[in-house]
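Peer 1: Mind looking over this structure? Questions follow.
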Amino acid sequence: MRSACILSGGKSSRMGRNKAFLPVGGLPNIRRIVETLRPHFPDICLVTNDPEAYEDLGLPTTRDRYPGQGPVAGVHAGLLLARFDRVFVVANDMPFVSADVALRLVELSEGYDAAVPEVGGQVHTLYAVYRKETAPHFEAVLLAGRRRMVDVYKRIRVRYVRSGELGLTSEEAERTFFNMNTPEEYARVLAWTEEGGPRA
């Protein structure tokens, strides 16, 4: 069995409004992510420091145990809440989440503590699979006063996954791992959606 955890803790300062609720393809982006993952992940949870805003989703929700400490704290909280050992973690600002890619990452994580895409020279730490049992390593990094995912990776067995292993062309990979932080990037997402978007 497997879990999925959506991180919705960013301040959306560059966007000027909450990225989770931006409409994409007729749905708020976070609901779009949930509906993409729900048929394949029996357990979906949410990490947010504003749980009231997400009540309509009906998801198990938790806050960061270490507020203000960035993605390491968000992943840590999600791993604690998740019910199953393999946890697909994704940020709420990624509108083209692919269930196929998520499931492939779960598969590729066997024998490792994490499976993390490395595409175009960029490591996608918040579109990755982690084992629930790695939560203490995230906490140890936080207690040491560090906030970088790379500090966690030094403590666990990570499999870095290339786009070819995920069955993605370079164009598909660009869209699949695209995250929207600015109005200009959101406009690009809307243009892609009008073109039919990437495969899900």
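Here the Cβ of each residue, glycine as well, is placed from N, Cα and C on the backbone.
Because TrEMBL annotations are produced automatically, they should be read as predictions rather than curated entries.
So TrEMBL has the following annotated:
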BINDING   Leu7, Ser8, Gly9, Lys19, Asp64, Asp93  GTP binding site
BINDING   Asp93  Mg(2+) binding site
DOMAIN    4-151  domain 'MobA-like NTP transferase'
Peer 1: Hey, does DSSP put Lys19 (GTP binding site) in a helix, a strand, or just coil?
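Peer 2: Once the DSSP labels are grouped into three classes, Lys19 (GTP binding site) ends up as helix.
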Peer 1: Looking only at Leu7, Ser8, Gly9, Lys19, Asp64, Asp93, the residues listed as binding GTP, what is the longest Cα to Cα distance in Å?
Peer 2: 19
Peer 1: Quick one: mean pLDDT on the domain 'MobA-like NTP transferase' (4-151)?
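Peer 2: Here the mean pLDDT over the domain 'MobA-like NTP transferase' (4-151) amounts to 94.
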Peer 1: So for Ser8 (GTP binding site), how many other CB atoms are inside 10 Å of its CB?
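Peer 2: Taking all protein chains shown, Ser8 (GTP binding site) has 26 Cβ neighbours within 10 Å.
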Peer 1: Determine how many residues of the domain 'MobA-like NTP transferase' (4-151) DSSP places in helix, in strand and in coil.
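Peer 2: For the domain 'MobA-like NTP transferase' (4-151), the helix, strand and coil counts are 55 helix, 34 strand, 59 coil.
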Peer 1: Please work out which residue of Asp64, Asp93 has the most C-beta neighbours within 10 angstroms of its C-beta, and give that one of the binding-site residues.
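Peer 2: It comes out as Asp93.
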Peer 1: Please give me the CB contact count at 10 A for Lys19 (GTP binding site), counting all chains in the structure.
Peer 2: 27
